[in-house]
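Visitor: Pulled from TrEMBL, these are the listed features:
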type	residues	note
BINDING	25-32, 93-97, 147-150	GTP binding site
DOMAIN	16-285	domain 'Tr-type G'
Amino acid sequence: MLDLTQNRPDLPPEIARRRTFAIISHPDAGKTTLTEKFLLYGGAIQMAGQVRAKGEARRTRSDFMQMEKDRGISVSASAMSFDFGKFRFNLVDTPGHSDFSEDTYRTLTAVDAAIMVIDGAKGVESQTQKLFEVCRLRDLPILTFCNKMDRESRDTFDIIDEIQENLAIDVTPASWPIGVGRDFIGCYDMLNDRLELMDRADRNKVAESIQIDGLDDPKLAEHVPEHLVEQLREEVEMARELLPKLDPQAVLEGHMTPIWFGSAINSFGVKELMDGIGTYGPEPQPQSAEPRQIAPEETKVSGFVFKVQANMDPKHRDRVAFVRMASGHFKRGMKLTHVRTKKPMAVSNPVLFLASDRELAEEAWAGDIIGIPNHGQLRIGDTLTEGEALRVSGIPSFAPELLQNCRAGDPMKAKHLEKALMQFAEEGAAKVFKPAFGSGFIVGVVGALQFEVLGSRIELEYGLPVRFEPSQFTSARWVNGPRDAVEAFTAANKQHIAHDHDGDVVYLTRLQWDIDRVERDYPDITLTATKEMMA
């Protein structure tokens, strides 16, 4: 992510109206519900689904994999595009569960800002903190939504203090809650001097908005109970004295986060947050690349793959590469250069997403996210250009924290298993290692839930029951160094050596002692826990 303070040229209007952002949160803070309401306000869906669907309530639109529908959690990042007022929103919904954090990390390389959702009763939770640190590494602007204010929640000042202390970022209130829990009736919009009142009876109804002239306006008493009016006046006065004023530039630089309060399930506070994304969120930003950065206003088209999703439609064993457009104005049918293979690629069936619904994308601009159906040519980290050999940088791959041996239930299906595992490795769903010594595969993941997801997907999508068994190894490191040193090291440590799906050499370890021994005995060899996915 680059410095937003630089004097950059004005962007073409179509690019300038793009807002590309991800939503980050701890599990169950209400992220998927908020995503649904964004789509509802953007006119993309008629009735919001609920995460744990009952009877006629719709299945949540952004959770489309079978396991996500069964469990009510997001395990795979979905991309959605829709218009809101004069803006074009490109929203990436990320997994909240920590077992899928690598998918989330890669997603954050493809967006220009993040919406942080926190639960009003729980404040800043561990996963939120981790994801926030990732945003900070990339200097991503962050806008905050404090959700579930219609339930018992903590004191507003406590919530703001906790964000400021735990995340070391200035917080400025864009709205202020009126009452909490059962007494919660709405918010005072501090940026526009308006009352926003919630309708508990109709969850999909837009909040009633009443323009007032300051907190001494007699209209206030007509809509807010007397005891809450006094409390609101006191709290807003304190907030204005103690908390920093909104500084749009500080927001763009990632030093300040505006916070909105609301209840996503009641559709409350969502429209104000969306207005805030349009007003204070960044336009498409330049992209780090080798040998030079890519500016969005360049006329030549470029984009990069940040995610691959296989079998989005089980009826058509397909694979879709999610591509963030980095520059230019793309038109369907264009021939682009696949930089890694140096081969031309006609992009004739690109798609725009509304979760599992897709439509043909006739065009796309810098900032947009499109899907390119393919048969495995495109991998995470690949760059597409109109000819120039640019390689987008900064898309990471992490060493797994859990390793297990994977075997097919039927030994005759070993080849099928290899194909399935390689596909999931290219998708980034797991690390797959082929040991130099012995047969079979070792699968590495960040969290135990991923083994469950992988097993169910292999069975569902390939009709192949598999079993995971404990491995003698506990972690993996990529091996780097001069070629002759790597070859000598590999020959001397065959029982610890494997190759990943890219063919890169990996050192499998049982104990920290193994890593210490390599550092001591092989000074030319470096073992790393991350690898950059760059074509």
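In case you wondered, yes, glycine gets a Cβ from its N, Cα and C as well.
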Visitor: Give the helix, strand or coil assignment DSSP yields for S25 (GTP binding site).
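Guide: In three-state terms, S25 (GTP binding site) counts as strand.
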Visitor: Under DSSP, is T94 (GTP binding site) part of a helix or a strand, or is it coil?
Guide: coil
Visitor: Given the model, what does the mean pLDDT over the domain 'Tr-type G' (16-285) come out as?
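Guide: A mean pLDDT of 83 is what the model gives the domain 'Tr-type G' (16-285).
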Visitor: Counting across all protein chains present, how many other Cβ atoms fall within 10 Å of the Cβ of S25 (GTP binding site)?
Guide: 25
Visitor: Within 10 Å of the Cβ of T94 (GTP binding site), how many other Cβ atoms can be counted across all chains shown?
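Guide: Result for T94 (GTP binding site): 26 other Cβ atoms within 10 Å.
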Visitor: For K31 (GTP binding site), name the DSSP secondary structure in the helix/strand/coil scheme.
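Guide: DSSP assigns K31 (GTP binding site) to helix.
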Visitor: Determine, from DSSP, whether M149 (GTP binding site) sits in helix, strand or coil.
Guide: coil
Visitor: Counting other CB atoms within 10 A of each CB, which of the binding-site residues D28, K31, M149 comes out lowest?
Guide: D28
